[in-house]
Protein chains: 2
Amino acid sequence: MSRVYNFSAGPAVLPEEVLKEAQADLLDYKGCGMSVMEMSHRSSMFNDIIVEAEKDIRTLLSIPDNYKVLFLQGGAWTQFSAVPMNMMNKHHKAGYITTGQWATKAYKEASKYGEVVELASSKDKNYTYIPDCSDLPITDDMDYVYICQNNTIYGTEYWELPNTKGVDLVADVSSDFLSRPMDVTKYAVMYGGVQKNIGPAGLAISIIRDDLITDDVYPNTPTMLMWKTQADKDSLFNTPNCWGIYMCGLVFKWLLKNGGLEGIAKKNADKAKILYDYLDQSKLFKPTVTDKKSRSNMNVPFVTGDKDLDAKFVAESKAAGLENLKGHRTVGGMRASIYNAMPKAGVEKLVTFMEDFEKKNLK
Amino acid sequence: MSRVYNFSAGPAVLPEEVLKEAQADLLDYKGCGMSVMEMSHRSSMFNDIIVEAEKDIRTLLSIPDNYKVLFLQGGAWTQFSAVPMNMMNKHHKAGYITTGQWATKAYKEASKYGEVVELASSKDKNYTYIPDCSDLPITDDMDYVYICQNNTIYGTEYWELPNTKGVDLVADVSSDFLSRPMDVTKYAVMYGGVQKNIGPAGLAISIIRDDLITDDVYPNTPTMLMWKTQADKDSLFNTPNCWGIYMCGLVFKWLLKNGGLEGIAKKNADKAKILYDYLDQSKLFKPTVTDKKSRSNMNVPFVTGDKDLDAKFVAESKAAGLENLKGHRTVGGMRASIYNAMPKAGVEKLVTFMEDFEKKNLK
């Protein structure tokens, strides 16, 4: 079988040329006689891989010198605990904006470690919009303000950062990481699992302003959840996910070669426009996010309003080589995740398929 | 370049036929049109992979039904915290036997969460032996007794488990995991990073007796460090290291095809005997572990007693395609790690090289 177009919300499609390079080098990385999966993390070969990966992500995001880049295990979920354990150290208080399931999970986890204020929420409309964040009840005694920048399940994305009134901003960027330029200096911490836009599952990347890396953490924080543990050892305190770091490094090179984040942002906007333009005029399919300024360029949920028809669409699109279009159970219908590595041709094929399906099924 | 013999202590050599299978399927796993690295962890394809992997490790170790198998991130290091956080819930006290750096790190980490007693140690002789564990000062009020079963740095291995006097035994088996049959029922918890004997770095496997999986954990334990979190969701609470699980699954099949743990134990014993027999009669090289009943079949440290000669050996062996023989800095000299995937031919080539080196350099 040839490769399908994979619209999975994550783990997700990776660039084909990156996979081919990994395949070619799998048993013998650059003539060293072993696989990257077999290399000591203390070897000079692996050191070159991790140093180069860090250099490249610094270039892509123009990360200033006073920010550390950490390659971590345990996913974004582990950071739901690590963020409050490392940061709630002055006032033991933080503000969270809940725009979906992941932000809500982070909010609940943080409440173990201090006082947590829900600053705003879009729960009233099943998280189909980003709230107005221009004048939230943020107070000086909050150690940070927290957002989930792109909401994978609901298909919303912050296009403007909240006015945090001078309080540090923490963002889970798992599902729009490296999808467009982001001004790192506007964030105290930016982190995400890599398995949506960047690489294979099992790795998270945290970009942390260095004054936040401290011993002054929540009492008895596990050593592995203290950011300082890995920051002091350049992510090599213990054995990292070496293969994941290698794969992300290849993707960073692929991004650099293809116009960097400016380049990929334009491609992502083009792909999203093709899909939203079609949805906005369709008589069969409806986008679930009608508030255009809240729409994600990464995840596009849509429904027909008829569960049987949705199921038929998912089955027939799969048969046509358009995989993983079933929506999340809390939204229903369909969802097309169109991350960095989804080619424009994949979105075009999807829209053509939808047009055809609409013709056949519109009553 | 052809493949080298890689004596790395971990991450370490993997079976060549397993790497070839992963390479062949890298862009299109069994005709599904995508890489395992691109699969949703909620897909039926990935579900088949993880279910099969669990089934196979259960077969290999004859794991009883009342033990859970968890595929976790964060390495053995994260379990250094998770063990006391999940298990020090009755008497808030545990006993540790410190036979090397890793057991000592686990001991120190546990002391954050309760009273920790050092039951025995081999520190007096730089960890070159396993202490007599037949009658340790273990008391009923200990929640568990902890060992590191194979000491990678020092080259020692427990061939007999401690007499725990009825108290639950917890073992870090990172560096002898699946290297020989082990009676799971003798352990309350057996866990390890996979990157030495089983698969690529970034995955740990914990085998836990189910009565130890509980909500009654240390106050404010991070959700991801509660064993119950992953146990309740069959390791799919959040996105796991899918590629790591897939690779381990291939290695499980390779083990099953090659005689299971009985088969690999015999091969490992043969390889170790070749190397120890040579070392015990050599006039140039000396094994650092002279206590034969403490010797590891996995990691074999040795020295010439002359630092310059050691360095010469490491350089020349590397040039001959025998990689990563440099010893750990705390032991010095050399170390050959001869895990499951190291072929007998690799050990034979090493011994031939050592014989030749001895002839040329013995004064």
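Placed from the backbone N, Cα and C atoms, the Cβ positions cover glycine too.
Annotations in TrEMBL come from automatic prediction, not curation.
The model shown is predicted, which means the values in this text are computed figures rather than measured ones.
The following features are taken from TrEMBL:
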DOMAIN    A:4-350  domain 'Aminotransferase class V'
BINDING   A:Arg42  L-glutamate binding site
BINDING   A:Trp102, A:Thr152, A:Asp172, A:Gln195, A:Asn238, A:Thr239  pyridoxal 5'-phosphate binding site
MOD_RES   A:Lys196  N6-(pyridoxal phosphate)lysine
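Recorded features from TrEMBL, shown on the structure.
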residue  : record                              : CB count, 10 Å
A:Arg42  : L-glutamate binding site            : 16
A:Trp102 : pyridoxal 5'-phosphate binding site : 21
A:Thr152 : pyridoxal 5'-phosphate binding site : 25
A:Asp172 : pyridoxal 5'-phosphate binding site : 27
A:Gln195 : pyridoxal 5'-phosphate binding site : 33
A:Lys196 : N6-(pyridoxal phosphate)lysine      : 30
A:Asn238 : pyridoxal 5'-phosphate binding site : 21
A:Thr239 : pyridoxal 5'-phosphate binding site : 24
Short-range binding-site residues relative to chain B, from A:Trp102, A:Thr152, A:Asn238, A:Thr239, with Cβ separation under 8 Å: A:Asn238, A:Thr239
Between the residue listed as 'N6-(pyridoxal phosphate)lysine' and A:Thr152 (pyridoxal 5'-phosphate binding site): CA-CA distance (Å): 9
Conformational class of A:Trp102 (pyridoxal 5'-phosphate binding site) under the three-state DSSP mapping: helix
Coarse DSSP state, helix versus strand versus coil, of A:Gln195 (pyridoxal 5'-phosphate binding site): coil
Proximal residue to the residue listed as 'N6-(pyridoxal phosphate)lysine' among binding-site residues A:Trp102, A:Asn238, A:Thr239 (C-alpha distance): A:Trp102
Distance [Cα-Cα, Å, rounded] between A:Trp102 (pyridoxal 5'-phosphate binding site) and the residue listed as 'L-glutamate binding site': 35
